[in-house]
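Student: To start, I am sharing the structure in question, which I have written as structure tokens.
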Amino acid sequence: MKNILDYTLEELTLWMKENNESSFRAKQIMSWIYKDVRNFSDMRNMPKSLIAKLEENFEISLPEIEEIYKSELDGTEKFLFKFSDGNLIESVLMRYKHGNSICISTQIGCRMGCKFCASTIDGRIRNLTTGEILSQILVVQNYIGERISNVVLMGSGEPLDNYENVMKFLEVVSAEYGLNIGQRHITLSTCGIVPKIYELADKELSITLAISLHAFSDEKRKEIMPIANKYSIDEILNACKYFINKTKRRITFEYSLVKDVNDSKEDARALGKLLKGMLCHVNLIPVNEIKERTFKRSSKETIQDFANILSNLGIEVTVRREMGSDINAACGQLRRSYIKTQETRGE
């Protein structure tokens, strides 16, 4: 049984033609699905014969909410979802004055091996399908009864390592027939898979591209990010410049500050020199400490000094506001702790 959420409008239209149904039915079905109708029999303008075909060939498959954790500090909510195969993923809902933002996962686990990230510790289990990525938004919207207006692909997984499914997701989530979330309200974060950055640039989407940089030199980057052994910083920056040229969109560089690893004033000056002249913005992130790693976060004073140096060098910079710190809202942390708890209980 296929999950109809995995289909784009074009793909569903083709299915209609192949099954001797009117093409316009595809758009009607999409309209029902993205209005939260979860049974084909409730699609009132569908002929019974088509409903029977849909029920025979498709399902509308959504994950179950396994756990919800709500921050007492800022209202951030972390959702732990379970799919039909038993695998778990997590999403984070962040509420702002300008609207609701959700951080979603694109893979179960991750194989990139970044040393400061909990989601990569057990490697990649599998990719999420297009529908499984979309379903995180659908379930949360239904739960809170409010619209999600901003999406960040910064949860578990490397989006460009699940390229085809993520590209289909970007189409549906921003399409009028889908969730109709403007591309300028979508951010995709990558550790820097260079060939895929070029492919993404050629699509000329209006999304924001965020690069997990975390170091100014290849030598230092290799210590914390294995991907640096395959793609150099120069290669990544060249791909970023190509992306900027094709899309006219500013790049965000993410920089997790780790005490005594990449947070010195020399690091800040070198980073500023590296990025000077680029249409970019640096987002400084106090590293999330996890049990399996020895990394410690930099002090507030060190972080502010780092930001000031970049700003004085003409680099646009912000320090990421921490959300949900009391509920381990960083990617991968909830899933791992939940699995360990279940193992301890023998479940």
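Quick reminder: no glycine exception, Cβ is built from N, Cα and C everywhere.
Relevant sequence annotations retrieved from Swiss-Prot are reproduced here:
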type     : residues                                               : note
ACT_SITE : Glu90                                                  : active site, proton acceptor
ACT_SITE : Cys331                                                 : active site, S-methylcysteine intermediate
BINDING  : Cys110, Cys114, Cys117                                 : [4Fe-4S] cluster binding site
BINDING  : Gly157, Glu158, Ser189, Ser212, Leu213, His214, Asn288 : S-adenosyl-L-methionine binding site
DISULFID : Cys103-Cys331                                          : disulfide bond
DOMAIN   : 96-326                                                 : domain 'Radical SAM core'
Student: Compared by Cα position, which of the recorded positions Glu90, Cys103, Glu158, Leu213, Asn288 is the closest one to Cys110 ([4Fe-4S] cluster binding site)?
Tutor: Glu158
Student: If I take the Cα of Cys117 ([4Fe-4S] cluster binding site) as reference, which of the recorded positions Cys103, Ser189, Asn288 has the closest Cα?
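Tutor: Nearest in space to Cys117 ([4Fe-4S] cluster binding site), counting only the recorded positions, is Asn288.
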Student: Output the one of Ser212, Asn288 that, of all these binding-site residues, has the highest number of other Cβ atoms within 10 Å of its Cβ.
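Tutor: Of Ser212, Asn288, the one with the most crowded Cβ is Ser212.
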Student: Fill in the CA-CA distance, Cys103 (disulfide bond) to Glu90 (active site, proton acceptor), as an integer in Å.
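Tutor: Answer for this pair: 9 Å between alpha carbons.
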Student: Can you tell me how many other Cβ atoms are located within 10 Å of the Cβ belonging to the residue listed as 'active site, proton acceptor'?
Tutor: 28
Student: Within its own chain, what residues at least 6 apart in sequence put their Cβ under 8 Å from the Cβ of Ser189 (S-adenosyl-L-methionine binding site), listed in sequence order?
Tutor: Val152, Leu153, Met154, Pro159, Ala210, Ile211, Ser212, Glu254
Student: Give the sequence-ordered list of residues that share a chain with Glu158 (S-adenosyl-L-methionine binding site), lie 6 or more positions from it, and have CB atoms under 8 Å from its CB.
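Tutor: Sequence-distant Cβ neighbours: Thr106, Gln107, Cys110, Arg111, Met112, Thr190, Cys191, Ile193.
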Student: Mind giving me a neighbour count for Cys114 ([4Fe-4S] cluster binding site)? Other Cβ atoms within 10 Å of its Cβ, every protein chain shown.
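Tutor: I get 19 for this one.
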Student: So among Cys114, Gly157, Leu213, His214, Asn288, all listed as binding-site residues, which is physically nearest to Glu90 (active site, proton acceptor)? Use the C-alpha atoms.
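Tutor: Its closest listed neighbour, by Cα, is Gly157.
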